[in-house]
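Novice: Let me give you the structure first, and then I'll get to my questions.
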Amino acid sequence: MGFIKVSSFLFVIFFLINGGSSTTFTVVNQCNYTVWPGLLSGAGTAPLSTTGFSLNSSESRVISIPASWSGRIWGRTLCSQNPTTGKFTCVTGDCGSSKIECSGAGGKPPATLAEFTLNGATNSNIFTSNLDFFDISLVDGYNIPVTIVPHGGAAGVGKCMAAGCAADLNVVCPPQLKLTMEDAAGVAVACKSACEAFGTPEFCCSGAFGTPDTCKASEYAGFFKKACPTAYSYAYDDGTSTFTCSGADYVITFCP
């Protein structure tokens with residue numbers, strides 16, 4: 001009996017440490033056009049059942065996410081398949097796989113990113129260590145409105161609340177940051193980050209500007225932050241842009 005009790009206790013400890021249950025992501029498209037979500041798992045984390053799919057307007061899809069998963073989700077837009085070659089490409093967020101499935105490739109900037117680290121906190125107290133970290137990032141630019149809303153979870157060490165960028169920044173994007181289609185009369189289909197647009201260390205937080213003390217928010221980061229206060233506007237915008245929950249499921253919505 002002693003062995004059974006000890007074994008049961010060790011199983012409970014193992015379950016708590018490893019976050020024994022999966023998380024549910026519900027991906028919703030409220031845009032009035034089709035979005036092709038792309039999904040990329042972080043290094044060393046379990047792959048998902050899909051890395052890309054089509055989501056028509058008003059459709060949703062539920063995905064079971066493994067415990068302790070990290071990665072990102074983004075929306076690809078203006079996609080098409082070449083009728084001759086079968087090659088699949090997107091004007092924004094393209095992952096370069098030539099298919100709807102991204103197969104381990106990330107999206108090409110500019111793209112709005114929903115980022116997650118599930119059960120990702122480290123803490124000596126095993127009963128409080130399984131925290132989820134999540135954010136909406138405009139560090140790689142913006143192409144589509146996205147929000148993350150947690151459901152059923154408890155607050156972690158920080159804020160367990162909705163994060164995102166619900167504004168349409170393409171219509172107000174500064175001229176220097178606009179990504180336009182050649183045949184669209186200058187209409188923006190995405191809004192680049194200052195790093196993507198100019199490539200200099202002070203905008204990319206690299207080189208001599210590679211620390212929080214030396215890399216400060218630019219006027220372009222300020223543009224993103226004013227429109228989307230809970231989204232990352234540049235690399236070191238942590239204080240108002242990272243959220244934590246415990247035991248939550250998440251709804252990721254395009255065009256909320």
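Keep in mind that glycine also has a Cβ here, set from the backbone N, Cα and C atoms.
Automated prediction, rather than curation, is the source of TrEMBL annotations.
Since we're looking at a predicted model, the values are computed, not measured.
Pulled these from TrEMBL:
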type	residues	note
SIGNAL	1-22	signal peptide
DISULFID	Cys31-Cys255	disulfide bond
DISULFID	Cys79-Cys90	disulfide bond
DISULFID	Cys95-Cys102	disulfide bond
DISULFID	Cys160-Cys245	disulfide bond
DISULFID	Cys165-Cys228	disulfide bond
DISULFID	Cys173-Cys191	disulfide bond
DISULFID	Cys195-Cys204	disulfide bond
DISULFID	Cys205-Cys215	disulfide bond
Novice: Let me know the most crowded of the disulfide-bonded residues, choosing from Cys160, Cys191, Cys228 and counting other Cβ atoms within 10 Å.
Specialist: Cys191
Novice: If I take the alpha carbons of Cys90 (disulfide bond) and Cys173 (disulfide bond), what is the distance between them in whole Å?
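Specialist: Computed Cα spacing between Cys90 (disulfide bond) and Cys173 (disulfide bond) is 20 Å.
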Novice: Cα of Cys102 (disulfide bond) to Cα of Cys79 (disulfide bond): how many Å, rounded?
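Specialist: So the alpha carbons of Cys102 (disulfide bond) and Cys79 (disulfide bond) sit roughly 13 Å from each other.
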Novice: Test of understanding: give the count of other CB atoms lying within 10 angstroms of the CB of Cys102 (disulfide bond).
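Specialist: The answer is 24 other Cβ atoms.
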Novice: Quick one, of the disulfide-bonded residues Cys31, Cys173, which Cβ has the fewest other Cβ within 10 Å?
Specialist: Cys31
Novice: For Cys195 (disulfide bond), just count the other CB atoms lying within 10 A of its CB, please.
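Specialist: For Cys195 (disulfide bond), the 10 Å Cβ neighbour count is 23.
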Novice: Would you mind reading off the Cα separation of Cys245 (disulfide bond) from Cys255 (disulfide bond), to the nearest angstrom?
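Specialist: Rounded to a whole number, the Cα-Cα distance is 23 Å.
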